[in-house]
Amino acid sequence: MDLRTMTQSLVTLAEDNMAFFSSQGPGETARRLSNVFAGVREQALGLEPTLGQLLGVAHHFDLDTETPANGYRSLVHTARCCLAHLLHKSRYVASNRKSIFFRASHNLAELEAYLAALTQLRAMAYYAQRLLTINRPGVLFFEGDEGLTADFLQEYVTLHKGCFYGRCLGFQFTPAIRPFLQTLSIGLVSFGEHYKRNETGLSVTASSLFTGGRFAIDPELRGAEFERIIQNLDVHFWKAFWNITEIEVLSSLANMASTTVRVSRLLSLPPEAFEMPLTSDPRLTVTISPPLAHTGPAPVLARLISYDLREGQDSKVLNSLAKSEGPRLELRPRPHQAPRSRALVVHIHGGGFVAQTSKSHEPYLKNWAQELGVPIFSIDYSLAPEAPFPRALEECFFAYCWAVKHCDLLGSTGERICLAGDSAGGNLCITVSLRAAAYGVRVPDGIMAAYPVTTLQSSASPSRLLSLMDPLLPLSVLSKCVSAYSGTEAEDHFDSDQKALGVMGLVQRDTSLFLRDLRLGASSWLNSFLELSGRKPQKTTSPTAESVRPTESMRRSVSEAALAQPEGLLGTDTLKKLTIKDLSNSEPSDSPEMSQSMETLGPSTPSDVNFFLRPGNSQEEAEAKDEVRPMDGVPRVRAAFPEGFHPRRSSQGVLHMPLYTSPIVKNPFMSPLLAPDSMLKTLPPVHLVACALDPMLDDSVMFARRLRDLGQPVTLKVVEDLPHGFLSLAALCRETRQATEFCVQRIRLILTPPAAPLN
C-alpha cells in the first residue's frame with residue numbers, strides 16, 4: 001500500500017471511530033478514544049506531505065540504484081510502520097467496538113502510545129526536511145557551521161523519548177526481535193535502578209531480577225525510566241550493563257548453545273618491538289613499537305579461535321603466550337593436527353569503544369570458525385574512558401602486525417588475511433588498515449565492516465535522527481561513548497564513604513540492600529497485581545517504604561480498573577491518561593495532577609549520576625520545555641516546524657549535550673570518513689554491511705560513496721528490519737541468522753584467492 005492510500009485509509013477510519021465514540025455519552029474512556037482518533041487524523045494528514053517530499057528525493061542519496069538505502073528512506077519507512085500499526089489498530093477498533101469483549105482500556109493505551117510516537121516522528125520528519133534544504137546535494141551529514149549543529153542538538157535532546165521505550169518499543173524492527181528488546185529494556189531499567197548503590201557487580205544483577213517486576217507489567221513506567229537512564233547515567237553505567245555478558249555464568253550458558261571448537265585460547269602478546277618488511281621492498285623493514293599512549297607499554301590480549309587444531313596452535317611458543325582462564329572442558333578427543341590454513345581472519349569486536357571483549361563475541365566467532373574453516377584472531381583492545389584514543393588503535397595495529405608476522409603460530413600460512421569487525425570494531429578495522437598503509441607494511445586483503453561508525457563528529461544526519469527511538473543506540477549514549485573515546489569525558493570518582501567501607505563493608509552493605517530489595521520487590525509485585533485487579537493495596541508502615549514513594553504515582557498503568565472510574569475521578573495516574581491535547585502540545589498543563597506527575601518524573605539530583613549533561617536549576621528546566629534558546633547569529637531549528645505543531649518535550653530537564661569541536665574527532669584515524677583522498681586510496685577492498693534502521697546507516701552510505709568516487713573497490717549491503725548489533729543476536733531469529741550469513745559470505749569472498757588470469 002502506497003503512502004497516500006495508507007494515509008487516506010487511516011484518516012477515514014479515524015473519522016469513523018471519532019464519530020462513534022463522540023456519540024457514546026460523557027464517559028471518560030469514550031472521550032479519550034474520540035480525542036485520540038482526532039489526534040491520529042491530524043498527525044497523519046500533517047505527516048503525509050513531508051514524507052512524500054523526503055521519499056521523492058531520497059534516491060539522490062543512495063549509493064547506486066541497486067542499493068536504495070539512506071537515512072531519509074529509513075525515516076519514511078519507520079513512519080510508515082507507525083502508520084501501519086495505527087491503521088491495523090483502527091480497523092480492529094472499528095470492527096470490535098460494539099462487542100462486549102472489546103477491551104477499551106488496552107486499545108486506548110496502545111492508541112495513545114502510538115499517537116505520541118507518530119507526533120515525534122512528525123517532528124523528526126521536519127528535522128530531516130530542514131537538513132535536506134541546507135545540505136549539499138547528495139550529502140547526508142551536515143557540513144555547515146558548528147553553531148547550527150549545536151542548535152540541532154539542543155533542540156533534539158529536549159524531545160520526549162519515553163513513548164518509544166514503552167508500548168511502542170521496537171515497532172520498526174522485525175516482530176521476531178521485539179521480545180528480546182522488551183527483555184533488554186526491562187533489564188536495563190532494573191539494572192539502572194540499583195546502579196551506583198550496589199557497586200560490587202553481581203549483586204546489582206541479582207537485585208534487578210527481584211525488583212524489576214513492575215517494569216514488566218507497566219510499559220509507561222518502563223518508558224519513563226528508560227528515558228531517565230539514557231539521559232542522566234554516565235558511561236560507566238553503560239560499561240557495567242554491556243559487560244553483563246562477560247559474567248562467567250552467562251558466558252558459559254552462551255557457549256553451551258554455540259558451536260564447539262577445538263581451540264579457544266586467550267593470548268597475551270608481549271610489549272616488545274619487532275620488525276616488519278615493507279611491501280614496497282621486502283629487503284627493508286620498519287619497527288613496530290608496542291602501544292605507549294596514556295598507560296605505557298603493556299601486553300595486548302587476543303583470543304585465538306579455531307574449529308580444528310592446526311599446526312602451530314599447540315607449539316611451545318604459543319603455549320608460553322597463553323593466558324589462563326580457568327579449567328576448560330574438552331568435549332571431544334584430542335585430534336591429530338590439521339595442516340595450516342591458507343587464510344586468517346583478524347577480528348576486532350564492537351562495544352562503543354567502552355565495553356565488551358572477544359568473550360562477548362565468542363558465540364558467533366565460533367560459528368565463523370566452523371563455516372569458514374580458518375583460524376580467527378580476535379583482539380581485546382583496552383577500553384575507554386580509562387584508555388582513550390589512540391590507545392585502542394595502537395593495540396589493534398600492534399596485534400594485527402604481530403598476527404601477520406606470526407601467522408604460522410596461529411595455524412595459518414597467511415596467504416589471505418581479512419580484517420573483520422562490527423560497530424566500533426569496524427571503525428578500528430578501517431583505521432588499522434590506514435595505519436598499516438602509512439607504515440608501509442602489508443595491508444589486509446580486504447575489510448568486512450558490519451554497521452561501522454565512520455565519523456565521530458557531532459554532525460546531524462537523517463539516520464542519526466533514528467537514535468531518538470533506538471533502544472540500543474540512543475543519541476545521548478552515543479555521545480557518551482564518543483566523549484569517552486576522545487578523552488573528553490569527566491573523571492568519575494567513587495564516593496569517599498564507599499572507599500572507606502572496604503571489601504567486607506561493601507559485602508555487608510550489599511547483603512543488607514539485597515534483602516531489602518527482595519522484600520520491596522515482592523511488595524511491588526503484589527501492589528501492582530492488586531492495582532491491576534482493581535483492589536487498593538494496604539499502606540505499608542515500613543520505614544523503608546519512603547524510598548519508593550516517589551515512583552508510586554507512575555506505577556499505575558492504563559488498566560480496566562482505572563478506566564472504569566466514573567467521569568471526574570481520574571485517580572493518580574494522570575501521566576497515563578494524556579488527552580490528545582497533551583500528546584501534541586508542549587505547553588505545560590494547568591492540571592495540578594499533571595504538574596504533580598511531571599514533578600515526580602523529574603531527573604535524579606545526585607551528582608554521581610550526572611555525566612556531561614550539565615545540571616540546571618528548576619526554573620531553567622521549566623523554560624526548556626517550551627523554549628530552546630538559539631545561539632547568537634544562528635538560525636533557529638524550531639522554524640522548521642509549521643505553525644500550530646508542537647512535539648512532546650522531555651520531562652527529564654536535559655539542557656545540554658556537548659558538541660565535539662575538538663580537532664581530535666576530525667583525526668582520520670578516529671573518523672575515517674573525514675580522511676583525505678590520498679589515505680582512502682590506500683585501503684584494500686571494503687565490504688560494508690549496514691542496517692536500514694541503524695542510526696549509523698549514513699556512516700556506511702557516505703563512506704561507500706567516498707570510496708566509489710575514488711575508484712576504490714567497495715560493496716554495501718543493507719539488511720532490513722534489524723537493529724544495530726545483529727551479529728551478537730545471530731541465534732535469535734531467522735532474520736539475524738541470514739544477516740550474519742551474509743557477513744560470512746563477504747569474509748569468504750575476501751579469503752578466496754583471485755582467479756589466475758588466462759594465458
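Every residue, even glycine, has its Cβ placed from backbone N, Cα and C.
Bear in mind that the values here come from a model prediction, so they are computed numbers and not experimental data.
Checking Thr12, Thr574, Thr736 against Swiss-Prot for the annotation phosphothreonine singles out Thr574.
Of the listed residues (Ser105, Ser185, Ser258, Ser559), Swiss-Prot tags Ser559 with phosphoserine; the rest carry no such note in the record, though that does not show they lack it.
Record note: of Ser358, Ser533, Ser651, Swiss-Prot gives the feature phosphoserine to Ser651, with no matching annotation on the rest. Cβ neighbour count for His724 (active site): 25 (other Cβ atoms within 10 Å of its Cβ, all protein chains included). Taking the Cα of Asp694 (active site) as the reference point, the closest of the recorded positions Ser423, Ser650, Ser651, His724 is His724.
Counting Cβ atoms from all protein chains shown, Ser651 (phosphoserine) has 21 others lying within 10 Å of its own Cβ.
Cα-Cα distance from His724 (active site) to Ser651 (phosphoserine): 27 Å (rounded to the nearest whole number). Put plainly, the recorded positions Ser423, Ser650 were compared by Cβ crowding within 10 Å, and the winner is Ser423.
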